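Notes to accompany the following structure.
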Amino acid sequence: MSFSRTVAHQSRSIGRVSCPYRNSGEVIPEGLACWQPTGNRSRVLAPSIPRWQAYSASVLHGTLYVLLFLVPLAGYVRRLAGAHPVSFFGLVDMPVFIGRDEPLRLPTDTLHRGLVPTLALLMIAHIAAALKHKFIDRDGVAGRMGI
Ligand code: HEM
C-alpha cells in the first residue's frame, strides 16, 4: 500500500501535531510527516484540469509503473542468463531461477538498455509536470504528490 503526506495540525501539547484523518486523534512528534493511505485521497482531479492532461497523466503513470518493474527485471534476467550472480545492494543474494542462457541474454540486454532511456525521459517529464503544477498552474495537483 502507498501513503501520501497530509496536513498535520498543531495540538495543545507542545512539540506534537495531530493527524486529522485518524479517528483516534493520534499525535506525532512535530517535524515528522503525517502520512495517510492514498486510498483516502480523492482520485478525482480538479475540473480545471483539461481531459487530455488527465488522460496523459494516467498513461504516463501507468507506463512508469510498468517500466519500473520491467527495467530491473530485464537487468536481473540478463545477469542470470550471463551466469552472473545478483545481490540486493550487496546485502542478500537474489534467487537464481535460470542457468546460463545465451539466447536469452541478448534480448534481455537489448530490452534493458532500450527501456532505460524511455524510463529516464518519462521520469524527467513527470518531474517537469509536477514543477509546472507547483509553480505555474498552482492548482493543488502538486499538493496531491506531497510537494
Ligand atoms: C530501474 C533500475 C535500473 C536502471 C535505471 C538501470 C540502468 C542501466 C543503464 C543506464 C545501463 C547502461 C546501459 C548502456 O550502457 O547502454 C545498464 C546496464 C546494465 N544493467 Fe541495469 N539498470 C537497472 C536495474 C538493473 C538490475 C536490477 C540489474 C541486474 C540485477 C541490471 C543489470 C544490468 C546489466 C547486466 C547491464 C549491462 C552492463 C554491461 O554489460 O555493460 N540493471 N543498466
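Here the Cβ of each residue, glycine as well, is placed from N, Cα and C on the backbone.
What TrEMBL says about a protein is an automatic prediction, not a curated fact.
Among the features that TrEMBL reports, domain 'Cytochrome b561 bacterial/Ni-hydrogenase' is placed at 50-145.
TrEMBL lists 52-73 (among others) with the feature transmembrane segment. Remote same-chain partners of the transmembrane segment (52-73), defined as residues 6 or more beyond its termini with a Cβ less than 8 Å from a stretch Cβ, comprise 45, 111-112, 115-116, 118-119, 122-123, 125-126, 129.
Marked as transmembrane segment by TrEMBL: 110-131 (among others).
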Summarise the domain 'Cytochrome b561 bacterial/Ni-hydrogenase' (50-145) as counts of helix, strand and coil residues per DSSP. 71 helix, 4 strand, 21 coil
